[in-house]
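What TrEMBL says about this protein:
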DISULFID  90-121  disulfide bond
DISULFID  94-126  disulfide bond
DISULFID  105-111  disulfide bond
DOMAIN    149-230  domain 'ADAMTS/ADAMTS-like cysteine-rich'
DOMAIN    234-341  domain 'ADAMTS/ADAMTS-like Spacer 1'
SIGNAL    1-29  signal peptide
């Protein structure tokens, strides 16, 4: 087993040596500080390199004898060197490495200057699972015996004397050994610094990741920043814990905070609660001294008998809540300080699109409030919360300065030659050019030959013209004999909407005579005016089926005025006014929907759309009223509704010119004071007087042979010969 292990170790060392040869390591021109450039994980001591190998490397590059230096010009010095070669592959794939470039001395004399130069590369952060670069170099020696024994090596960082040597400590022991005089190029000199070891020397690296740069991060973590992206938060907390109150919150430290330092003095203990941006919560007890990783944030905790110190360099990758837990009767105090990021900041937008596609235009930038945590744009009010935030001013620049090519330009279309049924409209089209000042001038048409000329004529209003649409006929106005029937005729456009534009000459008639084939009978004796005629079928049906309603209704095919509800009185006391909307409407039989018609389509008087109203006397005021208001308020102490009442106003014309007819009493709503006819809605419908009919035109009609024979036959069948229209004539019997 030992032999096999030794063979494996020998094979590994051989592979490392071959790797070094394949990397073509180069040596610096200054032999006093000879440095071998080592590729990542090429672990071999310089003194173990073969002398012939090193001499070959040194002989390939001319070195400069310091005693032979003379004062030359820059041109003379540069002329002795060949051009710099290409940059080598980076020593690391992430976390910051080094790359080198070589040049060759062309003179037989010594050349002044260096033949190798370095630059940083792969300056992207390594993923968390990659681990520490110095720790990787220590662990590479775990399978190499030290003083006859294997150890698990851990890195010893921040050596002030020689930060670029590979010093490692054996796990579980106090043994600290320098396993290599130089760490690999790109290794950080110190854990809290960007300075980098190159060829065994610690080189200054700025926050811009450039060698020799003195640029540093501000307290907010911004490279070469001015500290305006964060704010300093400091304070002190004094605990008041007891056995009844075992813990309390010291301070909440938000995501992205840096340089956190807390010092607790007293018997109590600190612990942490965290919440990530994804909402994952955690709790971490700090029980012993050490360095910990909490939600990808490195924490340094020191625990002493009488105090505890917590340090977090940051930036925090979660929201931290520092809490204190009761541990003794004495009070504890906590001092804290950290830099809190301003999470909402103004961000300048890109330039908006140019105001013109050619010929010179302008474009502006704007500013938007940006949430650094969610990477989303939020309302401006969030940025106004921070006085440190200064909204950037818009920037203006010219754009698209190239002259515009010639183009076709048209005048507006003329009016259509026809309003419907298809027409023609035209326009003029010309070739024009526009200069950078925006002046447009006509040019020859051949300059627009590469663009399609717009049409000069086009059809218009190709939809059908409005047409008259007649609805179904209403029922006949009588239930016996001759009457009238009505229908609604609407002008309908191509969309099926009621409109105008139809010719009055082609409008179908809206009423016509109708005959109901049901005989009408007169009473046997004359009835008084006040009595209803039981034999008059129409009146009888109205009497039996009438339902008192104050709301007007629509019958299919009949148009009538439909008033809406009265508005509230315009005043809260005294005399005011009320208004309402009155529409002319019809119930369409084909769609069972109500359509609005022009006002002149409805027959009869239009209901009033305004009336007076009284809301009671105004308290504490001496009010003077007009005579009309006085009559309304105090005339006969009557209520407002009693100003209007129903009255009979004569009779209608007789329904027949002979043979017996009827007349119906006309009932109207009157203003009792002015005796003027008012709208029916102003009178109470429940007080409407009953319908009155009286007989008229009782003289017999001239005889007609056919009519009398038929009437005689009907009377005989019904057994009511005595009730025939004319008792003065005997039945006529035809004989062959």
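Glycine residues also receive a Cβ, built from the backbone N, Cα and C atoms like all the rest.
Nobody curates TrEMBL annotations by hand; they come from automatic prediction.
Predicted, not measured: the structure shown is a model, and the values here were computed from it.
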Residue 126 (disulfide bond) versus residue 90 (disulfide bond) - Cα distance in angstrom: 14
Residue among disulfide-bonded residues 94, 121, 126 with Cα closest to the Cα of residue 105 (disulfide bond): 121
Mean predicted confidence [pLDDT] for the domain 'ADAMTS/ADAMTS-like Spacer 1' (234-341): 88
Residue 105 (disulfide bond) CB neighbourhood, other CB atoms within 10 A: 19
Neighbourhood of residue 121 (disulfide bond), C-beta criterion under 8 angstroms, separation at least six: 87, 90, 91, 92, 96, 97, 98, 99
Residue distribution over DSSP helix, strand and coil in the domain 'ADAMTS/ADAMTS-like cysteine-rich' (149-230): 0 helix, 27 strand, 55 coil
CB within-chain contacts under 8 A for residue 94 (disulfide bond), separation at least 6: 122, 124, 125, 126, 127, 130
Lowest local Cβ density among 90, 111, 126, which the record lists as disulfide-bonded residues, within 10 Å: 126
Composition by DSSP (helix, strand, coil) of residues within the domain 'ADAMTS/ADAMTS-like Spacer 1' (234-341): 0 helix, 66 strand, 42 coil
